[in-house]
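Chemist: Have a look at the structure that comes next, please.
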Amino acid sequence: MKIRSQVGMVLNLDKCIGCHTCSVTCKNVWTGREGMEYAWFNNVETKPGIGYPKNWEDQEEWQGGWVRDVNGKIRPRLGNKMGVITKIFANPVVPQIDDYYEPFTFDYEHLHSAPEGKHIPTARPRSLIDGKRMDKVIWGPNWEELLGGEFEKRARDRNFEAMQKEMYGQFENTFMMYLPRLCEHCLNPSCVATCPSGAIYKREEDGIVLIDQDKCRGWRLCISGCPYKKIYFNWKSGKSEKCIFCYPRIESGQPTVCSETCVGRIRYLGVLLYDADRIEEAASTEREVDLYERQCEVFLDPHDPSVIEEALKQGIPQNVIDAAQRSPVYKMAMDWKLALPLHPEYRTLPMVWYVPPLSPIQSYADAGGLPKSEGVLPAIESLRIPVQYLANMLSAGDTGPVLRALKRMMAMRHYMRSQTVEGVTDTRAIDEVGLSVAQVEEMYRYLAIANYEDRFVIPTSHREMAGDAFAERNGCGFTFGDGCHGSDSKFNLFNSSRIDAINITEVRDKAEGE
C-alpha cells in the first residue's frame, strides 16, 4: 500500500448561480496576458451545450483520455508511445483557435476620438491576436449562456446519448444547468502519459498536476491527451499552460482563487488519502459503469487506525491526516455519496467532483409535476432535468449513483422543512434513503450554512521534509511562460525571445562601483 494525499474539490451544482465570478477572477490572476487571451483555466458552461472548446466531450473526435485494450491494459486513446511520437510534428486532433474562439476587445478609444457626426460612435470589436477589426463575433467561452443559440447546435451535446433529445427542444420540456469546469488534477492523468518531453508531473504532497515550463517544448500532445481540454498553448512563449490549482495558496493553507471568490459558496476543498497502488487496477476496470465505484475504492478511510499508522510511516505529516479527517470532500464523496466525478469513463480518475443539481427538480415537485412513489419522496426518475443526462455526465451512464444523491438531498430538505415549518421531526424520508439524523443534520450544515473553515480544510505544506532540499531551494515557482529564466538552455524551437533573470548581485556591485 502506497499512501498519498490529494487536495480535491467538490462543486455543489445545486447552488451555482452562473455568475462567472470564478472565471473572471481566475482570468485576472493567471491568464490576463499576451499569448493566453483565449485561455480560461476556469469557465462556466450552460448545459445542455457543446461547451468550450467546441464538443470537448467528443473523444472520438479529440482522442482524449484512456482506452482499455483487449488484454486488460489501458493506454492513451491518442495512441501508444510510438503512436504519440508519430504525431509530434503533425497532430491532427489538436483544437484550433476557432474551436475555442478568437479573443477580442472593443475599440473604446474610438468613442473618445471619433469626429463629430450625425450618428453616435460605436466600439467595434478588435482581435486580441492580430489587433485587426473584426466584422462579427461568432463564438466565445460562454456563447451558449442561458441556452443561447438554437437547440439544433446544443443538441450535439454528447450527454444526450441514449436519450430522445428531440423532445427537449420543445419549450415546455427544456431544461438547463450550470457546469463550472477546471483542470481535474486526475489520479491517472492522460496528459502526463502523452507528453513526449516528460514536462507534466503530479506532485506527491498534494496531487496537483503541473507543467515544467523549462522542459515543455510545445508539442501540444498534452492538449489532445487531456479529455477535459484544460491545457492551453501559449502562442507567445511556445509553451503549454494549465490550471495550477493555485498551488502557492494551497501550500500556505489558503483556498484557490476560484473557491475564495465564489459568490454562491458552492466550492469545497479538502484532503483525501488514497492508495497509489490501486490506481492502475481501478482505471483498468472492464465496464465503464463500474469506474465510479472502483475509484471510490482507491480512497482510504482517514479514521482507520491502521491507515493512520501506515501513513505516518510513509511520511504523511500529522496535520495532513488531521485535515483528511475533517475534509468536506471526503464527507460528500465517500460518507454521504453526494458528489460524483465528471466523466469517469475517461479513466483518468478525476479529483474535481460535482453534487448534481436538485433545485429545479424540487420546485417542479412542489408544483405537483412529479408522480408520487410508494414512499414519502416523489418519483424522481421522471424529472425536469433528465436523470439519464446527469448520469451520462457524472457516472458513465449509470443512473444509480445520481438517483441516490438526488434522493438523499431531497430527503434532507423534507426532514429540515418538517422541523422548521411544521415543528415536528419527520424521519420517514431519511429512513427511506438510508441516512441517520446525525448525518442529515451534518449534511445540512455543510450544504447550506457552512462556515469558511468548514468548506476549506487545507493543510499547510512541509518544505522542511523535502527529500532533496537543494532541489527545492533551486526550484522555481509559477512563471508566465518563460520557464525558470536562469537555466542554461538557449535553444528555442519557436524562436521567441527569452527573458533571462536579472542577476541582482551584479546590478548591486555595478551600482556600488559607480
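From the backbone N, Cα and C atoms, a Cβ is placed for every residue, glycine too.
Model, not experiment: these values are computed from the prediction.
For reference, Swiss-Prot lists these features for the protein:
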- Cys16, Cys19, Cys22, Cys262: [4Fe-4S] cluster 1 binding site (BINDING)
- Cys26, Cys243, Cys246, Cys258: [4Fe-4S] cluster 2 binding site (BINDING)
- Cys183, Cys186, Cys191, Cys226: [4Fe-4S] cluster 3 binding site (BINDING)
- Cys195, Cys216, Cys222: [3Fe-4S] cluster binding site (BINDING)
- 7-35: domain '4Fe-4S ferredoxin-type 1' (DOMAIN)
- 174-205: domain '4Fe-4S ferredoxin-type 2' (DOMAIN)
- 207-236: domain '4Fe-4S ferredoxin-type 3' (DOMAIN)
Chemist: Taking 10 A as the limit, how many CB atoms besides its own sit near the CB of Cys216 ([3Fe-4S] cluster binding site)?
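Modeler: Cβ-Cβ neighbours of Cys216 ([3Fe-4S] cluster binding site) within 10 Å number 24.
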Chemist: Tally the residues of the domain '4Fe-4S ferredoxin-type 1' (7-35) by DSSP class, grouping H, G and I as helix, E and B as strand, and everything else as coil.
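Modeler: So the counts come to 11 helix, 6 strand, 12 coil.
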Chemist: Across all chains shown, how many C-beta atoms besides its own are within 10 angstroms of the C-beta of Cys243 ([4Fe-4S] cluster 2 binding site)?
Modeler: 27
Chemist: For the binding-site residues listed here, Cys26, Cys186, which shows the highest count of neighbouring CB atoms within 10 A?
Modeler: Cys186
Chemist: Given a Cβ distance threshold of under 8 angstroms, which distant residues of the chain, six or more beyond its ends, lie next to the domain '4Fe-4S ferredoxin-type 2' (174-205)?
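Modeler: Residues packing against the domain '4Fe-4S ferredoxin-type 2' (174-205) from afar: 4-9, 11, 13, 16-18, 22-23, 26, 41-48, 51, 64-66, 76-78, 84-85, 88, 146-147, 151, 168, 211-217, 219, 221-222, 224-228, 230-231, 240, 242-243, 245, 247, 258, 266, 274, 279-280, 282-283, 295, 298, 341-342, 346-352, 354, 357, 360, 384-386, 393, 461-462.
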Chemist: Write down the Cα-Cα distance for Cys186 ([4Fe-4S] cluster 3 binding site) and Cys195 ([3Fe-4S] cluster binding site), rounded and given in Å.
Modeler: 15
Chemist: So which other residues, same chain and not among Cys195, Cys216, Cys222, have a Cβ within 8 Å of the centroid of the Cβ atoms at the [3Fe-4S] cluster site?
Modeler: Cys191, Thr194, Pro196, Ser197, Ala199, Ile200, Ile211, Lys215, Arg217, Trp219, Arg220, Leu221, Ile231, Ser240
Chemist: Cα within 10 Å of Cys243 ([4Fe-4S] cluster 2 binding site) is the criterion; apply it to the binding-site residues Cys19, Cys183, Cys191, Cys216, Cys226 and give the hits in sequence order.
Modeler: Cys183
Chemist: Based on Cα coordinates, which of the following binding-site residues are within 10 Å of Cys191 ([4Fe-4S] cluster 3 binding site): Cys19, Cys26, Cys216, Cys222, Cys246?
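Modeler: Near Cys191 ([4Fe-4S] cluster 3 binding site) by Cα: Cys222.
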Chemist: Take the mean position of the Cβ atoms of Cys16, Cys19, Cys22, Cys262, the recorded [4Fe-4S] cluster 1 site. Which other residues of that chain put their Cβ within 8 Å of it?
Modeler: Ile17, Gly18, His20, Thr21, Val44, Pro180, Cys258, Thr261, Val263, Gly264, Ile266, Arg267
Chemist: Give the number of CB atoms, excluding that of Cys246 ([4Fe-4S] cluster 2 binding site) itself, located within 10 Å of its CB.
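Modeler: Cys246 ([4Fe-4S] cluster 2 binding site): 22 neighbouring Cβ atoms within 10 Å.
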Chemist: Compare the C-alpha of Cys246 ([4Fe-4S] cluster 2 binding site) with the C-alpha of each of the binding-site residues Cys183, Cys186, Cys216, Cys226, and give the closest one.
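Modeler: Comparing Cα positions, the candidate nearest Cys246 ([4Fe-4S] cluster 2 binding site) turns out to be Cys183.
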Chemist: Say you check the Cα of Cys262 ([4Fe-4S] cluster 1 binding site) against those of the binding-site residues Cys26, Cys183, Cys186, Cys222, Cys226; which is nearest?
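Modeler: Checked the binding-site residues Cys26, Cys183, Cys186, Cys222, Cys226; minimum Cα distance to Cys262 ([4Fe-4S] cluster 1 binding site) goes to Cys26.
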Chemist: Count the residues of the domain '4Fe-4S ferredoxin-type 2' (174-205) that DSSP assigns to helix (H, G, I), to strand (E, B) and to coil, and report the three numbers in that order.
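Modeler: DSSP composition of the domain '4Fe-4S ferredoxin-type 2' (174-205): 5 helix, 8 strand, 19 coil.
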Chemist: Considering Cα atoms only, can you say which of Cys19, Cys22, Cys183 is the nearest neighbour of Cys222 ([3Fe-4S] cluster binding site) among these binding-site residues?
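Modeler: Nearest listed residue in space: Cys183.
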